[in-house]
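Here's the structure we're looking at; comments come further down.
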């Protein structure tokens, strides 16, 4: 269907896009739930995260026919494709991962098996592993390109225009490799509405809709601060965006499902994993979400508007996964008096014996060791030797797989020598796994050849040229606190919060329950305070940045070098920063004496 035809059919009623996957491994029932409880025009499936790309790289290295999200075939398409075809719902997914052609072949085989005829499009060209310039540097650390013999994958984050071209060409199912998550939705909007490539505000709005959908039920009650008020956790409704031609949209969920759609659930997701909200850089547009408004417009329904956009960058972001040695570890429980001290002593004994074996084996020392004693407060930077019940996480890194194997064998072999009260559920010795690090850089768009394959024909796509960059926006200034400060209230009573990762950085989005509270929250959560709370996770080089969003209103906190390398490169119990918001919510905020004791009474 040509873009003009799609626009004519869409008219002013808009389009309905359902988000059925937030990661590889998301619930298998999502597609069936959407089909049973709603009438979408399109369904988008996001499977790729930085950790997922590392996993796919290892899978493809073992089997060249792998490297894509197999769940898309077995769990999403196989049980539902006949109904999808009957309703003429279009499917867009980045399940192709590192092998989009193999993924498309699997979909084609499934179609033949089911006796249905669908047009499948493949977008390729994101693999830039053979064309990386030697001059590329990590965009966050300035580090040079890793040794080429250690690089497992290198992929450019493509945008939405190739997806729109595929839909314009009549595709029923579009399979991509690596693209930005929100591009799955923006590509549909470009096709359905015929938006101009330089209509920056609409492109930012479509990207925001995609950002809300891309993590599935995180927009409808999943990972929500007030989780205890969310019913039906076993069947949270997957999000649906009803997008209008002007770019504004409403978020809802299928009837009869669990969860909730509110200003707070959607705002938490908007703040999730963004950096500077005035400079959220995507391949197709630079977004400014700082003045976005989210308003209730019905039961389990909110309206989102106010996104602004500026000219797209001239570069693609490229992410490399590369092998940097090996790691291994395990969890061990201790119960009884002084369990904290028992766990610490056991960890030290395992390391001591393992290091002796390293020396006799002619191997160097571990490049990194990690001990976290969970239970008495390690994630809060505390240690209690007298704790009566703890879980020890002990782990190491080594450049040689044999070095990690020695540690794991020693860990298992010291069981009878351990302090009393040792226990555990797994009963299986862990195995060494590769340390796969992330390298993020920039390459010119002109150097990336993007291809669209449909109906047996492959076409090299000519995409819109980048416009001159817009000057940096002046940051918004938050209001100062007023009134006599005389008491403290936990942040959890004043605000919602959600945290997430980008490589080795973590962001924490803070949404006040009452707009007036933000001034007091901002005043308390300054850089010295944040370093005091998270210092045990940070390095001397870690940077802390704070951003004010006057629209919601809200604030966003970004901390760099905060996750021990992040993702599969980290030895941390929380390598993606999922618990950081929960840690911060225990902060006590200075407020005036007449502030309500329980700010939750004023929740939006």
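Indices start at 1 and increase along the chain as displayed.
Including glycine, each Cβ sits where the backbone N, Cα and C put it.
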Out of 443-463, 464-484, 485-505, let me know the one TrEMBL marks region 'Disordered'.
464-484
Please give the average pLDDT for the domain 'AtuA-like ferredoxin-fold' (489-589) in this predicted model.
97
With helix taken as DSSP H, G or I, strand as E or B and everything else coil, how many residues of the domain 'AtuA-like ferredoxin-fold' (489-589) land in each class?
30 helix, 32 strand, 39 coil
